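A short write-up of the structure that comes next.
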Amino acid sequence: MKAYLDLMRHVLDNGTDKSDRTGTGTRSVFGYQMRFDLGKGFPLLTTKKLHLRSIIHELLWFLKGDTNIKYLKDNNVSIWDEWADENGDLGPVYGYQWRNWPAPDGRHIDQIANVVEQIKKNPDSRRLIVSAWNPALVDEMALPPCHALFQFYVADGKLSCQLYQRSADIFLGVPFNIASYALLTMMMAQVCGLEAGEFVHTFGDAHLYRNHFEQAALQLEREPRALPVMKINPEVKDLFSFKFEDFELEGYDPHPHIKAAVSV
């Protein structure tokens, strides 16, 4: 995961200090890209321990089209707690836009199901896109989509995915985003009869919060270790049938966890 450490170092050395919505302050750059070959291991950060359980359950929650944190809470995942209302609702966030995008004529569009079908039927299409950024509903969301749009690409029997992330919390959020979209790419590849290719991560505003500088410096002192391998149950051929038990991580040997505050 040298690419991730390179991003962190680049922002610390070359970023612009800015104020932000949360009042914490950031150092940021605009426009940056990382690439991960999914054939060379699962890109789960090794320079600090990550909570894989949260990453998997959040992705399954997105794919269910769910926007209430009850499923997450039932599975001991708390990453969305700060943004939910008293009933656990978040408004029309990721899952709603992925699976139930509202059309002007009253229909609801299942973008995920549509893109799976298109990958199978027309893999050379340049329209293999899912968007979570819905301008008509952004103000109703507890948190507007940070990872806003992703596109798939098929070549030589391999499925690759590129994510555009408008806003990226490098220390806390980005490691989760890398693992989540890498896993989604692997799942999509399996159900479409393809191998997983690359995950390409493209950023708009990539930033380190000022209260994460010390933690970032500590992480940069650590040497990356070999990437783990993600095993996925080969019997699952329907994207919406995956369960937590269908995933097994092998060979994960990270450095210790580094605690940092979330800016809300």
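Counting starts with 1 at the first residue shown.
Glycine is treated like the rest: Cβ placed from N, Cα and C.
Swiss-Prot lists Cys146 with the feature active site, nucleophile, giving sequence analysis as the kind of evidence. Summarising the annotation, Swiss-Prot assigns dUMP binding site to Arg21, Arg126, Arg127, Arg166, Ser167, Ala168, Asp169, Asn177, His207, Leu208, Tyr209. Taken from Swiss-Prot, the feature (6R)-5,10-methylene-5,6,7,8-tetrahydrofolate binding site covers His51, Asp169, Ser263, and the record attributes it to sequence analysis.
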Please classify the secondary structure at Arg21 (dUMP binding site) using three-state DSSP.
coil
Those binding-site residues of Arg21, His51, Asp169, Tyr209, Ser263 having Cα within 10 angstroms of the residue listed as 'active site, nucleophile':
Asp169
Alpha-carbon distance [Tyr209 (dUMP binding site); Ser263 ((6R)-5,10-methylene-5,6,7,8-tetrahydrofolate binding site)] in Å:
8
For Arg127 (dUMP binding site), which DSSP three-state class applies?
coil
So how many other Cβ atoms are close to Ser263 ((6R)-5,10-methylene-5,6,7,8-tetrahydrofolate binding site), meaning within 10 Å of its Cβ?
18
Are there any residues at least 6 positions away along the chain from His51 ((6R)-5,10-methylene-5,6,7,8-tetrahydrofolate binding site) with a Cβ closer than 8 Å to its Cβ? List them or say none.
none
Greatest CA-CA distance (Å) over the residues Arg21, Arg126, Arg127, Arg166, Ser167, Ala168, Asp169, Asn177, His207, Leu208, Tyr209 that the record ties to dUMP?
36
Return the residue, from the listed recorded positions Arg21, Arg127, Cys146, Ser167, Tyr209, with the maximum count of other C-beta atoms within 10 angstroms of its C-beta.
Tyr209
Densest Cβ neighbourhood among Asp169, His207 (binding-site residues), 10 Å radius:
His207
